[in-house]
Ligand code: AMP
């Protein structure tokens, strides 16, 4: 295995070798030096330079034409013209497609090669992850909410089980430290030091959480959205909604999926099947991944990523007791939904039915937006017309109620209502008011009241979403920045 690795390293050796001067180059957090090639090297690199990536996760090729990935091994990129599936060559010369979100360019790898680095995970999510693991000295390093800084989150049982958060600081020489007495040239060196010496920390660093979730791929394989129902094992029922029953499933016996079995006559199927090809290409950590459809038989199946804790609405209601006192976690849930929606907005994609019932909760308290764009294919008048009994009136802004005018700005209004649902732990907006009464209130400019215990700063953001003039509502991109800055101001990072 060790020999294999070094063989691979040789074959895929990076083009920029270190020069004698490289020692004095600034050291990146990951312990690598940024490339400063000489003109001779530049010349050489223009001839032989190819993109080399490193696998962040294992991946098992399933379809012919795909290639398996081995975590930490290197691959040469042959074709990255498609966003989500790249053609690469492994050290043995095998060529095939791999999911592009499973690899990272070697030169940009930084801390991502380490199991203890969890990227943008929030303080609240790191706490739940470490508490779930429940091991003394278990730790992660994450990006601090202040850009460019890192935080170490460490679980200790002394004097009682809790998580401590330490900012990783840098001195004037650019060295990293947790306690000023022990400075190291890079963050990995610092972590190694504290594996052996607690050096002022609550515990020595021991392990990082195992069992981290692996991201979904855009489709189950390269260019695949039609799924053979024979390859789906259908398991227990997860719930049922507008379109029919949803069941957990296994694809080819190994990949967890959710299977929505579309009640016949509820949607315009041909249009949806066409659209599904586009939808499988939408990929973001905070969007429920559409893997594909089984469209050859009836009822058609929609196959998506499986989210173990089900709908956000039920999750909020089930965990009200513990959530109500954890405003940080509630805000983090809102930020996650906002990130998913900012991605849709960037791709000019309108959700049309954003609400807590249409978001799902997965492991590590991840929240993802589901069912985006599906509303366009519903055939039921009661759902599609603003006068219908199933129309989501309570999430609709005036321009939708009056002219059925959907836009990213109508999604923003619905997002404000979703924030309200989150901060009330799943209460029904406008209580028992009938739809007609809600419409009357909204037309008069009356808005939902501030949820009990909700910070004023958070409520101010909801109010911005409920501006009667769509243009005056912020974009999801701006909203995301504002929410992150509120989180920084209100909570210790
Ligand atoms: P829907 O038809 O999308 O409203 O789904 C009905 C219910 O099925 C939801 O409220 C969830 O409890 C469950 N469900 C739907 N999709 C998933 C999924 N991808 N993973 C887990 N549970 C799901």
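Cβ atoms are placed via backbone N, Cα and C, with glycine included.
TrEMBL annotations: computationally assigned, not manually curated.
Taken from TrEMBL, the feature ATP binding site covers 260. Residues or ranges marked as domain 'SH3' in TrEMBL: 48-108. If you look up TrEMBL, you'll see 116-209 marked as domain 'SH2'. Taken from TrEMBL, the feature domain 'Protein kinase' applies to 232-484. Look at TrEMBL and you will find 21-44 tagged as region 'Disordered'.
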List every residue in the same chain as the residue listed as 'ATP binding site', at least 6 positions away in sequence, whose Cβ is under 8 Å from its Cβ. 243, 244, 245, 246, 301, 302, 303, 304
Secondary structure tally of the domain 'SH2' (116-209) (DSSP, helix then strand then coil): 21 helix, 28 strand, 45 coil
In three-state DSSP terms, the structure that residue 260 (ATP binding site) belongs to: strand
Taking DSSP states H, G and I as helix and E and B as strand, how many residues of the domain 'SH3' (48-108) are helix, strand and coil? 7 helix, 26 strand, 28 coil
